[in-house]
Amino acid sequence: MTKTSFTTPATSTLQPPHSSFSLLATKISDMNLTATPDPQCAEHNALQIPFAVLYSVIFVLGLVGNLVALWVFFYIHSKKNSVRVFLINVAFADLLLVACLPFRILYHSHGDVWNLNPTLCKVVGNVFYMNMYMSITLLGLISVDRYLKMHRGSGTRHRLWSTRRSRALCAIVWILASALTLTYMISKNDRGEQNRCFHYRQLLNEKWKAYINIFLLVLFWLVFISLVVSYGKIAHRLLRTSQEKPDLPNTVRYIRTAKKSFFILFLFTVCFVPYHMVRVFYIKTQITETSCYWRDVADKANEVSLLFSALNSCLDPVMYFLLSSSVRKEVLRLISNLLCVRDLAVGSGSSSTTEGDGRTGKTDRGQTNRVFTSNIKETESPGVGSNLDCEGSLKQ
């Protein structure tokens, strides 16, 4: 009984402080090493498959659209002007951006796990952003180019925006973008997580990277303002001219061009404005102490809005179609040729049926196609009509 009274005070006076210290140390260690104690820090994987599917669609459409555009620009004879130079560079930037998408598709389809070389992750990620901002900058230059051509005299216009100077300006933009991207990629203090890529990173000890992101943010809003002012004034002037002089032969074309200006501005806004609104909050969480919950919100919002920015790579060919008559004519010609090939294949496979239908007075598919092409001839220019005439190809 004496032994019990001796050992009990000893354990009651020495063991509780030791147990409290051990419990506290264990909790601190668990909080530092894992994120499981806080349910707000858990990974949410619901968006991985949708991202992989949507990026796949953007990849296919962007690849086809921009390849067709470049083929038209280089192999179809068209007027060589400054807008054509800018559009070619936009198409190249979009193609490079599209080339980065398969890596994002692979990453998301594997549960946001990067199984390739870590250096490749840095290259793909930075090249993606470089070409996105290349497209933004070039689209801003196109808007300024169109504005000056409309509001300046012909002599001043050619001196300011000659084809040679447009090429030089594009070269300068490419050099600056490449230099900035290389500076970002060769930084040694990039402590990314193993098997992770395209994920949220805090920049508390690398605020110079955050300053680059802020610079790109300011660059975007300057370009956006230039687009709003340029296309807004272009559309206002065209609409005012069409209202003041409704009898002019070009009135309908002025109205159509004004609508195209608004549509291009609409595409730019939908694709890029959401992302750069989110970036304000995203960058703030990178350079300040932020809770795990808000970091996760910023990361998910950034990824969703980035999807809209990538969507621009397959919507830019729509802009080429609106701004370039050569692209427009060639796309219509390709569509007509596809229709001709389809009708020719169907006609050769069912020639006996077609002959029987002709005796009973029914209209065959070749006749329907000829009516279709004749209607196009009436609405398009003579050059387009001649390209769209597939009656000769059906007879061969």
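Just so it is clear, glycine is given a Cβ too, placed from its N, Cα and C backbone atoms.
Database features, via TrEMBL:
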{"type": "TRANSMEM", "residues": "52-74", "note": "transmembrane segment"}
{"type": "DOMAIN", "residues": "65-320", "note": "domain 'G-protein coupled receptors family 1 profile'"}
{"type": "TRANSMEM", "residues": "86-107", "note": "transmembrane segment"}
{"type": "TRANSMEM", "residues": "127-148", "note": "transmembrane segment"}
{"type": "TRANSMEM", "residues": "168-186", "note": "transmembrane segment"}
{"type": "TRANSMEM", "residues": "210-231", "note": "transmembrane segment"}
{"type": "TRANSMEM", "residues": "262-284", "note": "transmembrane segment"}
{"type": "REGION", "residues": "347-396", "note": "region 'Disordered'"}
{"type": "COMPBIAS", "residues": "356-367", "note": "compositional bias 'Basic and acidic residues'"}
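Within its own chain, the transmembrane segment (210-231) has Cβ neighbours under 8 Å at 129, 133, 136-137, 139-140, 143-144, 146-147, 180, 184, 203, 261-262, 264-265, 268-269, 272-273, 276, 279-280, 283, 286-287, counting only residues six or more beyond its boundaries. Mean model confidence of the domain 'G-protein coupled receptors family 1 profile' (65-320) amounts to 85 (pLDDT, 0 to 100 scale).
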